[in-house]
């Protein structure tokens, strides 16, 4: 097993640790775990592409690990009262819809690459979630806490990127 795949597995293993630590009330430690897991996402893809270590396992498990990490964090943040339920539903629905669309495309031999808006969405989520985990982030701009600014930006970009994926690949919806 190569290094990028080991990093993906490490990210998956980190998810239940993150959940338990957060539910025990250790927000700062949970934030560090989330950030470390998110960084493995950037690192594994970079290493896999740069050193020609891309595998079918990585193609399947890397995006799944990312979604599990984000979904776990969002659902816990809803439970803790830091994220409105509807916002989490919008983000999760987009993830399921785009994943389903990618599966349909793959069955037809088509690869739907991540677009710029999807990458921006992921970056915004990966910034918003640690800020939300910290809960009492002191930054404030235009009368709104910094964590909420990034959360709203992530939700808006989620809608935009989801719409973009569906519009660009609408021919797959009739298959």
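Glycine is no exception: its Cβ is also placed from the backbone N, Cα and C atoms.
Feature list (source: TrEMBL):
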- 12-39: transmembrane segment (TRANSMEM)
- 68-93: transmembrane segment (TRANSMEM)
- 105-129: transmembrane segment (TRANSMEM)
- 149-167: transmembrane segment (TRANSMEM)
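At the 8 Å Cβ threshold, with sequence separation of at least 6, the transmembrane segment (149-167) comes into contact with the transmembrane segment (68-93) through 3 or more pairs.
Residues of the same chain lying 6 or more positions beyond the ends of the transmembrane segment (12-39) and with a Cβ under 8 Å from any Cβ of it are 61, 65, 68-69, 72-73, 76, 80, 126, 129-130, 133-135. Using a Cβ-Cβ cut-off under 8 Å and counting only residues 6 or more beyond its ends in the same chain, the transmembrane segment (105-129) has close neighbours at 34, 38, 41, 66, 70, 73-74, 77, 91, 98, 147, 150-151, 153-154, 157-158, 160-161, 164-165, 168-169, 172, 175.
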